[in-house]
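Database features, via Swiss-Prot:
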BINDING   GLY10, THR11, SER12, SER13, SER14, GLY15, LYS16, SER17, VAL18  ATP binding site
Amino acid sequence: MEKLIIAVDGTSSSGKSVIFKKVARILNYQFVDTGLMYRAFTWYCLFKNIDINNQDQIIKLLDSFDYKISDEQIFVNNINVTNKLISSEILNVINKITIIPQIRNYMVKAQQQMVKNKGYILVGRDITSVVLPNADLKIYLDCDIEIRAKRRFEQNVENKILGKSFKQIYQDLIKRDQVDKTRKIGPLVLVSDAWYIDNSYLTIDQVVDIVVNKVHQLESQK
(Lines of atoms letter the chains of each structure in order from A; the text may use other names.)
(Lines give C-alpha, C1' and ligand atoms only; values in the text may rest on other atoms or scores of the structure.)
Protein backbone atom coordinates (compact mmCIF):
# COMPACT_ATOMS: atom_id res chain seq x y z
CA MET A 1 0.00 0.00 0.00
CA GLU A 2 1.25 3.45 -0.90
CA LYS A 3 1.43 5.98 1.91
CA LEU A 4 -0.32 9.35 1.74
CA ILE A 5 0.46 13.01 2.12
CA ILE A 6 -1.80 14.33 4.89
CA ALA A 7 -2.38 18.05 5.50
CA VAL A 8 -3.95 19.22 8.77
CA ASP A 9 -5.27 22.68 9.53
CA GLY A 10 -7.72 24.01 12.10
CA THR A 11 -8.35 26.31 15.00
CA SER A 12 -5.78 27.09 17.67
CA SER A 13 -5.66 24.69 20.65
CA SER A 14 -7.96 22.18 18.98
CA GLY A 15 -5.50 19.34 19.61
CA LYS A 16 -3.81 19.10 16.21
CA SER A 17 -0.29 18.31 17.41
CA VAL A 18 -1.26 15.90 20.19
CA ILE A 19 -3.66 13.95 17.98
CA PHE A 20 -1.59 13.78 14.83
CA LYS A 21 1.66 12.90 16.58
CA LYS A 22 -0.18 9.81 17.81
CA VAL A 23 -1.60 9.13 14.35
CA ALA A 24 1.89 9.43 12.84
CA ARG A 25 3.38 6.97 15.34
CA ILE A 26 0.66 4.39 14.67
CA LEU A 27 0.95 4.72 10.88
CA ASN A 28 4.74 5.07 10.87
CA TYR A 29 4.46 8.46 9.15
CA GLN A 30 6.70 11.48 9.67
CA PHE A 31 4.95 14.20 11.71
CA VAL A 32 5.88 17.81 10.94
CA ASP A 33 4.61 20.80 12.91
CA THR A 34 5.30 23.52 10.36
CA GLY A 35 5.03 26.24 12.99
CA LEU A 36 8.17 24.84 14.60
CA MET A 37 10.10 25.53 11.39
CA TYR A 38 9.43 29.24 11.87
CA ARG A 39 10.43 28.97 15.53
CA ALA A 40 13.59 27.11 14.57
CA PHE A 41 14.57 29.83 12.11
CA THR A 42 13.83 32.48 14.73
CA TRP A 43 16.10 30.60 17.14
CA TYR A 44 18.79 30.57 14.44
CA CYS A 45 18.51 34.34 13.97
CA LEU A 46 18.96 34.86 17.71
CA PHE A 47 21.79 32.30 17.85
CA LYS A 48 23.60 34.22 15.10
CA ASN A 49 22.95 37.55 16.86
CA ILE A 50 21.15 38.95 13.85
CA ASP A 51 19.47 42.34 14.23
CA ILE A 52 15.80 41.27 14.34
CA ASN A 53 14.78 44.63 12.90
CA ASN A 54 17.04 44.23 9.86
CA GLN A 55 15.05 42.28 7.28
CA ASP A 56 17.96 42.07 4.81
CA GLN A 57 20.15 40.34 7.40
CA ILE A 58 17.33 37.94 8.29
CA ILE A 59 16.68 37.02 4.65
CA LYS A 60 20.41 36.46 3.99
CA LEU A 61 20.56 34.00 6.89
CA LEU A 62 18.28 31.63 4.96
CA ASP A 63 21.32 30.71 2.82
CA SER A 64 22.93 28.89 5.75
CA PHE A 65 19.78 27.60 7.50
CA ASP A 66 19.61 23.79 7.58
CA TYR A 67 16.52 22.22 9.20
CA LYS A 68 16.10 18.50 9.85
CA ILE A 69 13.76 16.23 11.82
CA SER A 70 14.97 12.88 13.15
CA ASP A 71 13.11 10.66 15.66
CA GLU A 72 10.87 13.61 16.62
CA GLN A 73 13.95 15.72 17.39
CA ILE A 74 14.52 19.00 15.55
CA PHE A 75 18.00 19.98 14.37
CA VAL A 76 19.21 23.30 13.01
CA ASN A 77 22.66 23.05 11.42
CA ASN A 78 23.19 19.81 13.40
CA ILE A 79 22.29 21.44 16.74
CA ASN A 80 19.39 19.79 18.59
CA VAL A 81 16.99 22.68 19.27
CA THR A 82 13.91 20.62 20.21
CA ASN A 83 13.75 21.97 23.77
CA LYS A 84 14.72 25.51 22.85
CA LEU A 85 11.72 26.41 20.69
CA ILE A 86 9.23 27.39 23.40
CA SER A 87 11.41 30.07 24.97
CA SER A 88 9.83 33.46 25.59
CA GLU A 89 12.78 35.03 23.75
CA ILE A 90 11.65 33.33 20.53
CA LEU A 91 7.97 34.04 21.08
CA ASN A 92 8.69 37.72 21.69
CA VAL A 93 10.29 38.28 18.28
CA ILE A 94 8.91 35.59 15.96
CA ASN A 95 6.20 37.87 14.55
CA LYS A 96 8.89 40.20 13.20
CA ILE A 97 10.23 37.30 11.16
CA THR A 98 7.09 35.52 9.99
CA ILE A 99 5.71 38.68 8.36
CA ILE A 100 8.64 38.82 5.91
CA PRO A 101 7.35 37.48 2.55
CA GLN A 102 10.71 35.93 1.58
CA ILE A 103 10.79 33.92 4.82
CA ARG A 104 7.30 32.63 4.25
CA ASN A 105 8.04 31.73 0.61
CA TYR A 106 11.15 29.84 1.68
CA MET A 107 9.23 27.87 4.34
CA VAL A 108 6.35 26.99 1.99
CA LYS A 109 8.78 25.69 -0.65
CA ALA A 110 10.74 23.75 1.98
CA GLN A 111 7.54 22.15 3.27
CA GLN A 112 6.44 21.21 -0.25
CA GLN A 113 9.87 19.74 -0.98
CA MET A 114 9.74 17.77 2.26
CA VAL A 115 6.75 15.69 1.14
CA LYS A 116 8.10 14.67 -2.27
CA ASN A 117 8.30 11.24 -0.67
CA LYS A 118 4.92 10.28 0.78
CA GLY A 119 4.22 9.23 4.35
CA TYR A 120 4.08 12.72 5.87
CA ILE A 121 1.58 14.49 8.12
CA LEU A 122 2.03 18.26 8.02
CA VAL A 123 0.20 20.35 10.61
CA GLY A 124 -0.04 24.12 10.55
CA ARG A 125 -1.65 27.27 9.26
CA ASP A 126 -2.87 27.28 5.62
CA ILE A 127 -1.42 23.81 5.01
CA THR A 128 -4.59 22.65 3.25
CA SER A 129 -5.17 25.87 1.30
CA VAL A 130 -1.70 27.09 0.30
CA VAL A 131 1.12 24.71 1.19
CA LEU A 132 -0.39 21.35 0.19
CA PRO A 133 -3.60 22.04 -1.78
CA ASN A 134 -3.19 18.68 -3.57
CA ALA A 135 -2.62 16.54 -0.46
CA ASP A 136 -4.13 13.05 -0.53
CA LEU A 137 -6.08 13.79 2.64
CA LYS A 138 -6.92 17.24 3.96
CA ILE A 139 -8.27 17.57 7.49
CA TYR A 140 -9.67 20.58 9.33
CA LEU A 141 -9.74 19.99 13.09
CA ASP A 142 -12.09 22.14 15.12
CA CYS A 143 -13.48 22.32 18.63
CA ASP A 144 -15.90 24.50 20.57
CA ILE A 145 -14.00 27.54 21.83
CA GLU A 146 -15.14 27.14 25.44
CA ILE A 147 -13.96 23.53 25.46
CA ARG A 148 -10.64 24.56 23.91
CA ALA A 149 -10.16 27.16 26.65
CA LYS A 150 -11.08 24.62 29.36
CA ARG A 151 -8.61 22.06 27.99
CA ARG A 152 -5.83 24.65 27.75
CA PHE A 153 -6.53 25.89 31.29
CA GLU A 154 -6.46 22.33 32.68
CA GLN A 155 -3.21 21.64 30.80
CA ASN A 156 -1.66 24.76 32.31
CA VAL A 157 -2.72 23.73 35.82
CA GLU A 158 -1.32 20.24 35.27
CA ASN A 159 1.98 21.70 34.06
CA LYS A 160 1.99 24.28 36.88
CA ILE A 161 1.66 27.18 34.43
CA LEU A 162 -0.57 29.42 36.51
CA GLY A 163 -0.24 32.82 34.87
CA LYS A 164 -3.68 33.02 33.20
CA SER A 165 -7.24 32.44 34.35
CA PHE A 166 -9.78 30.46 32.32
CA LYS A 167 -11.42 33.75 31.29
CA GLN A 168 -8.11 35.19 30.02
CA ILE A 169 -7.39 32.04 28.01
CA TYR A 170 -10.92 32.13 26.56
CA GLN A 171 -10.52 35.77 25.52
CA ASP A 172 -7.06 35.06 24.06
CA LEU A 173 -8.53 32.28 21.90
CA ILE A 174 -11.29 34.56 20.62
CA LYS A 175 -8.63 37.09 19.56
CA ARG A 176 -6.41 34.37 18.07
CA ASP A 177 -9.28 32.97 15.98
CA GLN A 178 -10.09 36.45 14.70
CA VAL A 179 -6.46 37.14 13.77
CA ASP A 180 -6.02 33.73 12.12
CA LYS A 181 -9.15 34.07 10.00
CA THR A 182 -8.62 37.67 8.89
CA ARG A 183 -4.88 37.97 8.26
CA LYS A 184 -3.91 39.06 4.76
CA ILE A 185 -1.37 36.29 4.10
CA GLY A 186 -2.44 32.69 4.62
CA PRO A 187 -5.68 33.14 6.59
CA LEU A 188 -7.27 30.15 8.31
CA VAL A 189 -9.92 28.75 5.96
CA LEU A 190 -11.97 25.57 5.71
CA VAL A 191 -11.30 24.43 2.14
CA SER A 192 -14.18 22.73 0.34
CA ASP A 193 -12.52 19.31 0.07
CA ALA A 194 -11.23 19.08 3.64
CA TRP A 195 -12.56 16.46 6.04
CA TYR A 196 -14.05 18.48 8.90
CA ILE A 197 -13.64 16.92 12.35
CA ASP A 198 -15.20 18.51 15.43
CA ASN A 199 -13.58 16.94 18.48
CA SER A 200 -15.50 18.91 21.10
CA TYR A 201 -17.01 15.75 22.57
CA LEU A 202 -14.46 13.17 21.45
CA THR A 203 -11.39 11.98 23.33
CA ILE A 204 -7.94 12.20 21.77
CA ASP A 205 -7.88 8.43 21.23
CA GLN A 206 -11.31 8.45 19.59
CA VAL A 207 -10.14 11.02 17.03
CA VAL A 208 -6.90 9.10 16.51
CA ASP A 209 -8.85 5.89 15.79
CA ILE A 210 -11.19 7.67 13.35
CA VAL A 211 -8.27 9.17 11.42
CA VAL A 212 -6.17 5.98 11.38
CA ASN A 213 -9.13 4.01 10.01
CA LYS A 214 -9.70 6.63 7.31
CA VAL A 215 -6.04 6.58 6.28
CA HIS A 216 -6.00 2.78 6.09
CA GLN A 217 -9.10 2.93 3.90
CA LEU A 218 -7.51 5.47 1.53
CA GLU A 219 -4.19 3.61 1.44
CA SER A 220 -5.97 0.42 0.39
CA GLN A 221 -7.46 2.29 -2.58
CA LYS A 222 -4.04 3.43 -3.86
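Quick reminder: no glycine exception, Cβ is built from N, Cα and C everywhere.
For the ATP site, the Cβ centre of GLY10, THR11, SER12, SER13, SER14, GLY15, LYS16, SER17, VAL18 serves as reference, and the other residues of the chain with Cβ at most 8 Å from it are ILE19, LEU141, CYS143, ARG148. In the three-state DSSP scheme, SER14 (ATP binding site) falls into the coil class. Here the binding-site residues are SER12, SER14, and the one with the most other Cβ atoms within 10 Å of its Cβ is SER14. There are 27 other Cβ atoms within 10 Å of the Cβ belonging to GLY10 (ATP binding site). Taking the Cβ of VAL18 (ATP binding site) as reference, residues of its chain lying under 8 Å away and at least six apart in sequence are, in sequence order, ILE204. Around LYS16 (ATP binding site), the same-chain residues at least 6 positions away in sequence with a Cβ under 8 Å from its Cβ are VAL8, ASP9, GLY10, VAL123, LEU141.
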